[in-house]
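Copied over from TrEMBL:
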- A:GLU47: active site, proton acceptor (ACT_SITE)
- A:GLU58: active site, proton acceptor (ACT_SITE)
Amino acid sequence: MANSDALDAAFADGPAYVPYLVVGDPDYESSKAYVEALDRGGADVIELGLPFSEPIAEGSTIQEALVRSLDAGMTPDRFFAFAEELEVDAALVCMTYYNLIYQYGKGEGPRPFVERAAAAGIQGLVVPDLPAEEADPLREACDEFGLDLVFIVAPTTRGDRLDRMMANVSGYVYVQARLGTTGARDDVSDQTTASLDRLSGYDVPKAVGFGISTGDHAERIVAGGADGIIVGSALVDVVAEGVAADLSTAEVADRLEALSRELKGGAERGHRSRTGTVESA
Amino acid sequence: MSETDTRTTEETETARRPGRERGREDGKFGRYGGQYVPEALMPAIEELTDAYERYVLDNEDGFMDEFRERLADFGGRPTPLQRADRLSERYDTEVYLKREDLLHGGAHKLNNALGQVLLAKYMGKERIIAETGAGQHGTATAMAAAHLDMPCTIYMGERDINRQRPNVFRMKLNGSEVKPVTTGRGTLKEAISETMRDWAETVEDTHYVIGSIVGPHPFPVMVRDFQAVISEEAREQAREKTGGLPTDVVACAGGGSNTMGTFAHFVDDEDVALHAVEAGGSTLEVDEEAGVAPNSASLFAGEEGVLHGARTKLLQDSDGQIMESHSVSSGLDYAGVGPELAYLVDEGRVDPVAVDDDAALEGFHRLSNTEGIIPALETAHAFGYLEEHHEDLGERVVVNVSGRGDKDLDAAIEETDQRDVANAPDMSMFTGGM
């Protein structure tokens, strides 16, 4: 059961498509058009990246996007304003690093950040460098303001660590498809299946991320048992190509919407093959 | 015979020296420390914690015996504690130098690098990775890896590679691969992030040799324990040579590995004052707009935050973005500091002081022309402190000479040329004046 009804709803009806983009990449206004394109493309949840200067969990694609956003002047306050201005149906989750959450409190811990996030319409947080052992203050603030705290489960997470994490998680669990950092890859790892098997006893939606870039990937992942797919680097790549080729904001937004439809469509095909639903003629 | 007399001296010593072992159990130093790392790294961190406890703390399979033997035979330990006659006269106090510049490689860095590469071998790892800023930790790790026959990859910021070419050659001569880091601003903090990324993909067969008392537990305690040989020797040498403990111990501080190594065995000696000398750079003011702190004084001027796996004191802007630090000495150029030092500063046990670039250069020239020792620019900060604050110090001061200055000659000549350094030789014929 999630703290946020919006996140509950996102996973209630078929597989969830969970795209990620860095807010403010390459600039504030374009970024808003891009996020709204994801929504039109069928996003159920959108992970909004708030850039930190030392993103140790990210691969080069996302790291460069974070640098573009920071160079264009992104700050936590502008991020919250951005979230407030968005016109989207999808639930919003903020993905960032703990130092930004902590500093926002000016000595009062993570509570002020969570309070502000809730006011901006954010329904959940993903914090890649915050282990379950250190998460109590953030967990309490999230419970107070009705946000979900999403944890990342790695292929190597098992035993006590997994139990502790699953006791703290809500909304959905982010299943990391393979070791390493974020980045689009051609293969979809066997580690995913093993991870989903390990998590099968826990009653929380499982969204798989890391390396998904095509509708075929999405189909296989969902057919393999995932409740949702998280796609970051493949979408950030589209933004980066737009910057490199100097494409118009509308052109990049169209490409993001088209890729979103492909990914969402793949996820739905995977869901049908898993549940044995036959398409009516 | 009383019961305590039956214990060995070593046990008695340990029992009454809890500060020496701070953080070993859970990686916490008061509010600082911890394990703020991506989940994918947690198994590696847990495996390393287990290996640290077994091999380093419990000497399983004779690990610590082999470590000490190799430090002696390959590294040249013990290093001397030398009386600095002319500085003693100048300051009217007894000044002793702990000569870590005489360790193999020319700096204290080998103590840690050799310990960690050997530990990786005991753990059955097949590959070593490390980050380096100025190249001192990279060269020490490359030496240790060659010595112990381990393949090694060093990540180094592109900008640092251009500034430190001789160190790049040294690493390659020792058989290491040097990978340039082009992301971000291309300095030490980007190199640390990049090495953590490599580790996240290769944890199963690879050990990450971190270069200072920073990062997630168990790195801060483990690196301290490997570097603590400095103060273990110095404390004993001081007692032998002077009949007592020093009144003051001085060490420069960047990430803090030579600092904590020099302080560790003195932490419980409450009468011994500990001074951590940070790089004050050109000024202690920060430029929020540009995200630049023209210094590296995170103990003196930093604020609490989370970076590279630990809660500690950081140079950051009001949003929590990490600042670009700066110092004339690239080895001190880091926006964070070891969590144990942050704790000891808050507790009032360690006195944090900042010495600016100008005073460090004067210190560089003073040690060179009065004592015949050319110090690293990092080390030179400690001598800048001595000049400025000798009147506040007691009658017997130990200063750690953390490294020799051969690596810094180009930088020292260039920086001297830009300033009016009173005690510098005329080098104009070598720079712009020909």
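Here, residue 1 is simply the first one shown, and the rest follow in order.
Placed from the backbone N, Cα and C atoms, the Cβ positions cover glycine too.
Keep in mind the model is a prediction, meaning the values are calculated, not measured.
Within 10 Å of the C-beta atom of A:GLU58 (active site, proton acceptor) sit 29 other C-beta atoms, taking all shown protein chains into account.
Counting every protein chain shown, the number of other Cβ atoms lying within 10 Å of the Cβ of A:GLU47 (active site, proton acceptor) is 27.
Calculated from their C-alpha atoms, the gap between A:GLU47 (active site, proton acceptor) and A:GLU58 (active site, proton acceptor) amounts to 14 Å.
In the three-state DSSP scheme, A:GLU58 (active site, proton acceptor) falls into the coil class.
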